[in-house]
Each structure stands twice: as structure tokens, then as C-alpha cells.
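Feature list (source: TrEMBL):
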type	residues	note
TRANSMEM	42-59	transmembrane segment
TRANSMEM	71-91	transmembrane segment
TRANSMEM	97-116	transmembrane segment
TRANSMEM	128-148	transmembrane segment
TRANSMEM	160-180	transmembrane segment
TRANSMEM	201-224	transmembrane segment
TRANSMEM	257-278	transmembrane segment
TRANSMEM	290-308	transmembrane segment
TRANSMEM	328-348	transmembrane segment
Amino acid sequence: MYMSEIPQLYHRLPTADFMPGLSFGVFQNHYESTLPESPSDISWTGGFQVFCLLFISALSGRATDAGMASLVVGVGAALLVLGTFMTSLATEYWQTFLAQGLCIGIGQGLMWLPSVTLISTYFVRRRVFAVTAAATGTSTGGMIFPAMIQYLTPKIGFPWAVRCMGFVVLFMVIIILALLRPRLPPRKSGPLVEWSAFKEPAYMLFTLGVFLLYWTLYFAFFYVQVYATEKLGLSQEAGVNLIIVTNALGIPIRAPWAIWPIVFYGLASAAAMALFAGTVPSLTKDLDKIGTRVGMALSMISFGPLTRPSVAGALIARTGGGYLAAQMWAGAALIVAVLALVGARFIISGLHLRAKL
């Protein structure tokens, strides 16, 4: 792979993957208006999708280390495209769960981690910056796909809007598969889990912090449109615009006061997700084990998004549809997450705040 092709590939890979939690809010709102299930039950689809993405990463990470990145990404791409088109045919809750939660989730789990581990092998000095820059593709997908669903649904209907999204994904994955090239020779042997990593305080504290971060991070992405329409009195179109603004990381010129918290949340959440992708490789001295260690961390983190729908939904239901209790839970977990991440940084570099990892 030529160096000039690397940014193109790794921006397209997360874009095609479209990070489910970043765009599920528009689906959450649509399903609440068309399916009889409760909002909490519906959010399980998005939560399970994120769980599959992260949990499967342990397998895709080890397979990437073994030189099977092209095969893994190819299978993931096929599942991603299949799940997207099957979502357009779904009319019942269990169908959306299987297509969008399971099929797309597994496909994303097979595709996403190779995009992190492979690019990290091309850089040493600016590895965090390179992976973080590539991860901006998730925000691109988080802007494009909600807009497609919102603005195409009134014109051609929800099924065809999703199919249009599927054609975009298909186009992107074809480019990805054409450019994907591993750099390091395969590591044929080695366990799926590197047990020595559990003895590293910095690695474990960092994983705990990111677990708490992902436990609550998608709460806003899932419920921002519903909250905007039900509590703030905004239109459906304005609610989708909030999702787009959150992913765009840009500040609109004449944003109403209610949008500013979403803007700042988008800035912080995008940084948190992108920097995680680049930081775990920096905690790994042996580049041959990057995929394994990142996959281990993601598998442990995956139980956060899996349990988030039940926690958030229960808090909202017990307060009569109010969001204050859920907001306080999310805020408290984020504070603890920050403390854990700061602790991991302190273990590695001490008081040298400008030290490069």
C-alpha cells in the first residue's frame, strides 16, 4: 500500500462502518413511532449492535495479527451490506434486532479494529495523531446516514432510504477492499488473550476508564432526537440536525441556546472515541500484539454499551419519562471515567504532562 493511500483507506473504513451509536438516534425515533415496543426495548438494538462491534474485536484483532485482515474485513463488509439491506425489509422488532443489531454489529466488529491496528503499524512517532485522524470517518458517517434517513424517508419511504444507505456502504467497502494492505508479517502463533496485560496497572485502569466512558457515551446519541422533540419542543427535522451537529463537531453560526450543549458534547465525545483508538497501541510495546491487546480491551468494554439501554431505560421509566436521573447517572460515570484515565496517564508518565506516549 502506498503511503498516500493510507489516509484514504482509513477514513473510508470508519465511514462505511458508520459507528452505530452515532447514527442510531434517528432509527430510535423512527422505530418508536412505528413499532409497539417501548423505547427501552428499541434501544437494545443499538446497544447490542455496539456490543457486537466491540466484543467481536477480540477475534478480529487476533486475526489481523495473524495476517488475515483482508479476509476478516471482507467477511465483515459482506455482513454489513447484508444487514443494511435486510434492515430495509424489516417490519417487526425481532427483524430489526437481527438485521441491525446482530448482522450489522458483527460486520462492524470484523471491520473496525483492522482499521485501527493496521494504520498504527505504519506510524511510530505520530501514531496517535494518525489513528485519531483516520477515526474522523466515524463522524462523517454519523453525519451522512442520519441525514439520508431523515430527508429521503418523506420522499421515497423509509425502506428505500435505508437501501440508499446500503448502496453508499457497498460503494465504500469496495474501495476499502481494493486498498487494504497489511504491512507487518503475520504472527501465526500466540494466544487469543495476552494474560500479562492484566498485570499492567496502566492498561487495566485505562480499560476501566474507557468502559465507563462507553457505558454512558451513547446515551446522548441514542436519545438526543427523542429528547429534543419531546422535551424541547423541536421538530423532527431539528432533532435530526442535532445528531448531525453532534457528529459534525462544528458550531452552527446561529445555534439556539438548547443546541450549544449538544455541540460541546459532540466535540468531547468525538475526541474521546478517536483518542481511545490511538492510545491503546501506545500502551503496547510489541507491535505484533497490537490487535490482540486492542481486541481484549474492546471486548471488556463491550459490556458497557450492552447494559446501557437497560440502565438508561429503567431510569427514564421510573421517573415518569424524565431524563434527569439518567443524566445524573451518565454524568457521574463520566467523572469516574476521567479520574481513571488520568490515573492511567499518571502511571505511565508521572507528572510529566507533556510527555509523548
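We number each residue from 1, going along the chain as drawn.
Cβ atoms are placed via backbone N, Cα and C, with glycine included.
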- Query: Which bits of the chain, at least 6 residues beyond where the transmembrane segment (71-91) starts or stops, bring a Cβ under 8 A of a Cβ in it?
  - Reply: 13, 16-17, 60, 63-64, 98-100, 102-111, 114, 158-160, 162-163, 165-166, 169-170, 173, 176-177, 180
- Note on the structure: Of the listed stretches 97-116, 201-224, 290-308, the one with the highest count of C-beta pairs below 8 angstroms to the transmembrane segment (160-180) is 97-116
- Query: Under a criterion of three or more Cβ pairs within a distance under 8 Å and sequence separation of at least 6, are the transmembrane segment (97-116) and the transmembrane segment (328-348) in contact?
  - Reply: no
- Query: Excluding the flanking five residues on each side, which residues at least 6 beyond the ends of the transmembrane segment (328-348) place their CB within less than 8 Å of a CB in that stretch?
  - Reply: 201-203, 205-206, 208-213, 215-217, 219-220, 283, 311-312, 315, 355, 357
- For the transmembrane segment (290-308), could you work out the same-chain residues 6 or more beyond its ends whose Cβ comes under 8 Å from its Cβ atoms? 21, 47-48, 50-55, 57-65, 113-114, 116-117, 120-121, 190-194, 197, 203, 206-207, 210-216, 218-219, 280-281, 283-284
- Item | Surrounding residues of the transmembrane segment (42-59) on its own chain - C-beta under 8 Å, 6+ positions past either end | 19-21, 24, 27-28, 31-32, 35, 93, 96-97, 100-102, 104-106, 108-110, 112-113, 192-193, 214, 218, 222-223, 292, 294-296, 298-299, 301-303, 305-310, 312-313
